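Chemist: Take a look at what Swiss-Prot says about it:
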type	residues	note
REPEAT	7-48	repeat 'WD 1'
REPEAT	49-88	repeat 'WD 2'
REPEAT	91-132	repeat 'WD 3'
REPEAT	133-172	repeat 'WD 4'
REPEAT	202-241	repeat 'WD 5'
REPEAT	246-285	repeat 'WD 6'
REPEAT	288-326	repeat 'WD 7'
REPEAT	363-404	repeat 'WD 8'
REPEAT	450-489	repeat 'WD 9'
REGION	854-893	region 'Disordered'
COMPBIAS	862-888	compositional bias 'Acidic residues'
Amino acid sequence: MLTKFETKSNRVKGLSFHPRRPWILASLHSGVIQMWDYRMGTLLDRFDEHDGPVRGVHFHATQPLFVSGGDDYKIKVWNYKTHRCLFTLHGHLDYIRTVQFHHEYPWIVSASDDQTIRIWNWQSRTCVAVLTGHNHYVMCASFHPKEDLVVSASLDQTVRVWDIGALRKKTVSPADDILRLTQMNTDLFGGVDAVVKYVLEGHDRGVNWASFHPTLPLIVSGADDRQVKLWRMNDTKAWEVDTLRGHMNNVSCVMFHAKQDIIVSNSEDKSIRVWDATKRTGIQTFRREHDRFWILAAHPEMNLLAAGHDNGMIVFKLERERPAFSVSGDTVFYVKDRFLRFFEYSTQKEVQLAPIRRPGSVSLNQSPRTLSYSPTENAVLICSDVDGGSYELYIVPKDSAGRTDYLQEAKKGAGGSAVFVARNRFAVLEKSSNQVLVKNLKNEIVKKSPLPIAMDAIYYAGTGNLLCKAEDRVTIFDLQQRLILGELQAPAVKYVVWSSDMESIALLSKHAVVIANKKLVHRCTLHETIRVKSGAWDENGVFIYTTLNHIKYCLPNGDSGIIKTLDVPIYITRAIGNNIFCLDRDGKNKLITVDASEYIFKLALLRKRYDHVMSMIKNSQLCGQAVISYLQQKGFPEVALHFVKDEKTRFNLALESGNIQIAVASAKEIDDKDHWYRLGIEALRQGNVGIVEYAYQRTKNFERLAFLYLITGYMDKVGFMCKIAGQNNNLMGQFHNALYLGDAMKRVEILENAGQLPLAYITAATHGLTEIADRLAAELGENIPSLPEGKTRSLLIPPAPLTASGDWPLLRVMRGIFEGGLDATGKAELEEDDEAAGADWGDEDLDMVDASEAMANGGDGFDAEEGEANEEDGEEGGWDLEDLELPPEAETPKNAGNALSVVFVAPPPGMPVSQIWTQKSSLAGEHAAAGNFDTAMRLLSRQLGIKNFAPLKPLFLDLHMGSHSYLRALATAPIIPVAVEKGWSESASPNVRGPPALVFTFSQMEDRLKAAYKATTEGKFPEALRQFLNILHTIPLIVVDSRREVDEVKELIEIVREYVLGLRMELKRKELRDDVNRQQELAAYFTNCKLQRVHMRLVLGSAMGLCYKQKNFATAEHFARMLLENNPNESQAKRARQVQQQCSGKKDSCELNYDYRNPFVVCGATYVPIYRGQKDVSCPYCGSRFVPSIEGQLCTICELAVVGADASGLLCSPTQLR
């Protein structure tokens, strides 16, 4: 059983599948009817008008209707689109057990505990027939799918078949009086339109269910005698064919499968049983622990069943329907109807190759699961779940195509899965021993390869390689070297899809798609809410995949979307352009044409193929909010502008892309204060003073406008702003403008008019306006304020700008491929916006005299209409522009955009020094000094296998800052960076640049080494370790000049590595308080490190003392002997001789994992010896050795590189590149 959907609810008594939609109705014992989408797993609606349990429910085949019958004796017809009950049919006198629509006529058949079956016309809402004859509860009744028959089951131990042919002949509406008479006769006597054709007796207890076969003259029934009986009928009689026994309690429901020759039954014994209808034997049994089953329903078209039980329902399939297939070149090989077939994509021709052996067992799920094809040998491997997992090998002759009589005896074998790994070799997974068996085409074992971890399945991963699936990961396994080449965390992978060039792989699990490259380096992961079914790579590197109800795409960067909605699931085999080839669940090849323009457009953007993008914009019908938002998210608002008609959206996109002309045009159309305000901010950012002025005028933001005039030097316009503020009675604005102008007389006048006579007097007296001050003093009388004494007087006036500045100069940039020319309309609009802006700024916004007069008259001085009127009148006034006397030939044409005449053409910039430094350099230190940290990291990763860059971050920053100096210029100018070059000379050519001067040198490393030696001698081990690691982290970034120095750098790495390993072991030893043996081992391993002689003497003395205390005399004697060989001082030598004398001839009290006779190195992670001849892996940078299990982890010595990573080696000098 393959469970597709499950619900938890009250007891389910009735079920019905929708014939086309993925919906199912469930009627509950609580009186509620639920409508579920079993594909999405969501509850769509609930209907709860019945009073008491609802036992019967059924969808109409074509109309948006369903019918329900309950214990309230009512039959209700519902419209699920309007979510309401249309009408209720009354007539039954007891519980209603089942209801069903006729597949063709407007009839409903219902069975009831009142011992009758009724047929209703739901269009006229009347009962057209009452079938009487049962003498106990009628448990079910249903129409025959094709003939005019009804079958019913009753607790009177009989199954009855009713002939309703006469009723069908009367379907033409009779006259009203005849209809009324017929209705009365039907209610009283049951009518004669339906008569009993057969009475089937044979059950010993009450019959709970009976149903017709979809096509054959068969009936199946289930009863309280725990038996399922099969009946056959013809035109004259019906008889019992066989009895199926096996249920341990009452059989609740039984029916024929819609597509397979099987019978499905469920029972109160908590089981569902599947029977072979031809052999009449049990095939399979599914049990639940606590839930009795009550009802079954079969989908009329699909291979789906549903069963209702005490605590809900389940929707399930009996067998997998995914066809086994394998794509090879222009052909897909697949299995259908027990035949191996192939389909050519180019000709769309299907050919039958050879029959496939049928499995001997009769159980379910025996169909092929996977198929692998070898094109050179024309061999096919078919795997299935038969006998717990087995494979069959077929060698198909070239001339067997189309022959149905050809039957070859397949070579068989047991195995979880099998795939071809070479031309004439295939691999079989043996799960019991967790090994891969490589076999030849004679099915003989050639090689056995044990797998490093337990695997569930294997897939092809290139010649000689296998992709092995474990529970939570996938790995690529090399069969020859028996090595894992790559690993990726991907739980519960079900299917694997390689791209045609074997460069990319998609791993499909139940609800996720993981994309990786051929080395299993993760690229992206997509999560789906419903099941992922299949997928294929198209020729552009886009992964096309299907879920239960969609065809979707996944771009290389992880962006995804929907291409098409599906009615039924399909399995993609190939995607070419707009064509998707697939197999359906019946094994039929289908071609689906889709619109690939959306993901091709996004892919072109991703790969920066802007010529392709522009062509698609011109020629295709790409539109919609999804494309616009995608372009905006990916940083292409200028492209999105060409799709947008809505002015507000155009305005936002124009601001985002910096297109001020389109923003002005849209702002005029919208004419909203907020939009003008935002336009002003963007124009100010771009330094477009004219647009800022216009935006401030449209929003009547006079304070900002006056300040703009002040900082741009238009002091005459500030004067006009002062006048306008006065006319608006804005005293604060008027006073601010007077301050800007430095007009003391005006300030005194404003303060006097405002009634602030003391302030007016102080202002006049301070600025030497004696006449006005005397007049004000007379008015103030005795209230004259005192002026401060002893201060030097100065004129409070803003600095006078030397020239009035216009728009900021704009650099000419290369015209973007998306700018202009995409369509004639867009180009014309841009030019029109430019002209409109120029006209407005020429007259309306500069004509401040007219504006002030208009405001004095109570009008709006900044209306666009006013400006346009002035323009039409041909007035040149405003800001005295008409006073300029220009020669006739120098006059600017009226339609020329004034912005174009003031564009500053900057000199072409040269190549940045940082680019020169990195252009031909492969030295990571120089790239870091230039600020190209990403390329520096890539170089270190490639050369030394470095993965952890966190320790290098401060060194990168020091290098970059140390190779640059910064020069301050004017207060308004930016700081100028100056590159610091190595060996710079004043006479050198400006076009010749030397390498950067680096702050880290080899001589510094030697000084640091001496300091680390000193800390080691003094026993400051944490400090010494920090200094040694600092050296190890800095070495990849230094640059030396000669080959001799390169050798010295490599020697320094070895020295530091030995000390870091020894110090780490010593610190580890000091942490271990209780494990005395481990302390001795670590001390012994420390003596194996290559140290300076002074340090070696200290290490040997420490190890000797520790072993002597623990009575390991033989080992202590060995250390004493080594100490005497290293020229100890007098006290050390005396102590060593004493130990040697005391330990002579004695043995160790405990065994240590230390054999000084056998040469070894110490693992840098586990601190265990790796003796000569044992396998090990090393760090590509520092050369530390590790046990093989550490491969792929971060080196614990240098803390930078990955153990076992591929690396080209240290590059620290230009001489290595010559």
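Quick reminder: no glycine exception, Cβ is built from N, Cα and C everywhere.
Can you tell me where each of these features sits in this structure?
Modeler: Away from its own ends, the repeat 'WD 1' (7-48) comes close to residues 54-59, 61, 66, 68, 70, 78, 80, 83, 85, 98, 294-301, 304, 306-315, 529-530, 548-549, 567 of its chain (Cβ-Cβ under 8 Å, at least six residues beyond either end).
In the predicted model, the repeat 'WD 2' (49-88) shows an average pLDDT of 94.
Distant neighbours of the repeat 'WD 3' (91-132): 14, 53, 55-61, 65, 67-71, 73-75, 77, 138-143, 145, 150, 152, 154, 162, 164, 167-168, 170-171, 173, 179, 182-183, 186-187, 190-191, 193-194; these residues of the same chain sit at least 6 beyond its ends, with a Cβ under 8 Å from one of its Cβ atoms.
Counting same-chain residues at least six beyond the ends of the repeat 'WD 5' (202-241), those with a Cβ under 8 angstroms from any Cβ of the stretch are 136-137, 139-140, 142, 144-145, 149, 151-159, 161, 247-256, 258, 263, 265, 267, 269, 273, 275, 277, 280.
Helix, strand and coil counts under DSSP for the repeat 'WD 6' (246-285) come to 0 helix, 23 strand, 17 coil.
Residues of the same chain lying 6 or more positions beyond the ends of the repeat 'WD 7' (288-326) and with a Cβ under 8 Å from any Cβ of it are 1-17, 19-20, 24, 26, 38, 249, 252-260, 262, 264-272, 274, 332-336, 364-365, 367-373, 380, 382-383, 533-534, 568, 571, 573, 583, 585, 587.
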Chemist: DSSP on the repeat 'WD 2' (49-88): how many residues come out helix, how many strand, how many coil?
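Modeler: So the counts come to 0 helix, 22 strand, 18 coil.
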Chemist: In the repeat 'WD 7' (288-326), how many residues does DSSP call helix, how many strand, and how many coil?
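Modeler: Tallying H, G and I as helix, E and B as strand, the rest coil: 0 helix, 19 strand, 20 coil.
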